[in-house]
Amino acid sequence: MRITFFASLLLFTNTIFISFSFAIAGINKESPLSIGQTLSSSNGVYELGFFSFNNSENHYLGIWFKGIIPRVVVWVANRENPVTDSTANLAISSNASLLLYNGKHGVAWSSGETLASNGSRAELSDTGNLIVIDNFSGRTLWQSFDHLGDTMLPFSALMYNLATGEKQVLTSWKSYTNPAVGDFVLQITTQVPTQALTMRGSKPYWRSGPWAKTRNFKLPRIVITSKGSLEISRHSGTDWVLNFVAPAHSCDYYGVCGPFGICVKSVCKCFKGFIPKYIEEWKRGNWTDGCVRRTKLHCQENSTKKDANFFHPVANIKPPDFYEFASAVDAEGCYKICLHNCSCLAFSYIHGIGCLIWNQDFMDTVQFSAGGEILSIRLARSELGGNKRKKTITASIVSLSLFLILGSTAFGFWRYRVKHNASQDAPKYDLEPQDVSGSYLFEMNTIQTATNNFSLSNKLGQGGFGSVYKGKLQDGKEIAVKRLSSSSGQGKEEFMNEIVLISKLQHKNLVRILGCCIEGEERLLIYEFMLNKSLDTFLFDSRKRLEIDWPKRFDIIQGIARGIHYLHRDSCLKVIHRDLKVSNILLDEKMNPKISDFGLARMYQGTEYQDNTRRVVGTLGYMSPEDILEIISGEKISRFSYGKEEKTLIAYAWESWCETGGVDLLDKDVADSCRPLEVERCIQIGLLCVQHQPADRPNTLELMSMLTTTSDLPSPKQPTFVVHWRDDESSSKDLITVNEMTKSVILGR
């Protein structure tokens, strides 16, 4: 799912609601509600009354937000049967039923039979719930929250009772001016874990993907529109702000790529190991028939043979439909459950949910550019591309032999040039085990056992200098193993940096290295395993971002600052990280931030203030000031869309700071938990960190003081980023980022 922020008048901008009214205290047998009267909640947020569209004679009984123009209706009683008589009124019967009389035309709507009561009244609660209450016991006999329309308010809920089959769903209006039941229904599924599903008639229209039980969406208003869009919005000032809309993209429509198809940026593709079912139709853009497996699986339960199937991980996935929940305590257990079940086609271990497996065709799968989950799909081992026919192997022997002879000569010359250059340009230390003070040297066979011989099912991510694997030692301790790619021309220097630096650095906000392995050409780093992956997987994921509210984000900002302050001032070595960004901030099981990936770090003496190096590296500044703004806004630094304009996040932050003090920069998903003074302070600090003159930027000691006290801060000047962004885009790129040098993309530490 994708979150889209923009100001909106929402739904009823062009529709005029007509009503002239005065308030009454409540509804009882002696005091009905007539046209021209309203019933308000005690907190003044909601109002019940009669309304019509564009001077029409058709009147509806509804609930709306009081005092907000244009009026936004959240519940309608008589959706299918408007009243036309000017004497229409809402009364309460002796058996506690609400009755809407259409003058001499009789009853237009009824709440239905309720429990026996000797006296009752109707009230509008502070949550927007119309309730019928027993006068003697005080119990609720009927409530509108049990009969939802097209809108869900914060304290109402979608529901599916497995025992009775009873459902509470949202049903769309026929049009913006006709509240009768429309074509779309929003419901939750009976699956475990559940997911939201929009139906158009009997066919799925949009699906959210599985929800974690811990996720709590405290949002003011959720609507299923007459066009089938799910919209989540909040009122801010005089406007409605649309926090989320779905479907918003062609990939959001259910099953657009068919079985075993995967939608990537509006284009359908087949999973690895699959091909289009009908190639000619696929080429014409008719993708609904999907894909089929290229190589049939030959599964043997409990098989450990090399010719058995293997699991191929696919990252950034919206999990497909038709999953089943399996009781597994961790990703390894999930892998084993699927491995030993021949009908299991894929598995995914999702934080906050657990283990999901698929025994049916993959349907409605989407791959995002960031975020999402890792889906490991079962493929025949031949899909690895490692098994060649004997004829091909035989025909290649002569050519290969000749290649090796010529290659050996070229390799020898290349090694001489590398060593010659390295002696002048590389760091003044050799890659030897004894250099790793304080770290434990692991045996290669120990790491191979822990990572299942570096199996693909254990692979967490792929970076510029190699791959990262999850492992489990014999004592049960989980580890992350960074395996240097032998084809990397720069990787050894970065590898040596990480060993020498991290082995001597100890701080709760730095990732801890457990040891290394140096055997032959193999170079491995062994880290502590981070259960919650990296910070970017939360910030830029429309579902996970809701799990980190403002207090947690502020704690993360302070934790990063503490780690950087330690590197700059308090550690035995003075270290500049040089590649700090949210993807290099890992989160432990308690969501504590830990700085990782020291491949580009540089040591300097206590008297040195310049980092002299020819290598172009990552982000500018001490704490990567953009990180503060990304954590606050939940948006990536490179481009930030606001309305019809596209600008850098820093440019938008500066404009927001000048106009409103920066509060509208805050990620709207955490607005309910924010502390405005802290937010404004963090934005001001972020702008100070990107000042053009170094003297205007705070050092790490000043940064820590700014984040932990309430002392007055200097006023920031307009950043150079803002001045030059439009005038010279190539120049601004040099200023803003050189993140092409990112050294690892780790999805699951």
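Residue numbering: from 1, along the chain as shown.
Using N, Cα and C of the backbone, Cβ positions are placed for all residues, glycine too.
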Per Swiss-Prot, the transmembrane segment among 330-350, 393-413 spans residues 393-413
From the ranges 39-56, 165-182, 543-560, 579-596, pick the one that Swiss-Prot records as region 'CaM-binding'.
-> 543-560
Candidates Asn118, Asn421; Swiss-Prot annotation N-linked glycosylation site sits on Asn118
If you check Swiss-Prot, which of Cys257, Cys270 bonds to Cys268 via a disulphide?
-> Cys257
Whole-number Å distance between the CA of Asn135 (N-linked glycosylation site) and the CA of Asn118 (N-linked glycosylation site)?
-> 8
Tell me, how many other CB atoms lie within 10 A of the CB of Asn54 (N-linked glycosylation site), whichever protein chain they belong to?
-> 10
Residue among glycosylation sites Asn54, Asn95, Asn341 with Cα closest to the Cα of Val468 (ATP binding site) | Asn341
Calculate the distance in Å between the alpha carbons (Cα) of Gly466 (ATP binding site) and Asn95 (N-linked glycosylation site), and round it to a whole number.
-> 74
DSSP output for Leu460 (ATP binding site) maps to strand
Report the nearest neighbour of Asn118 (N-linked glycosylation site) in space among the recorded positions Asn54, Asn95, Asn341, Gln462, comparing Cα positions.
-> Asn95
Secondary structure split (DSSP) over the region 'CaM-binding' (543-560) reads 15 helix, 0 strand, 3 coil
Residue counts in helix (H, G, I), strand (E, B) and coil for the domain 'Bulb-type lectin' (26-145), per DSSP?
-> 5 helix, 55 strand, 60 coil
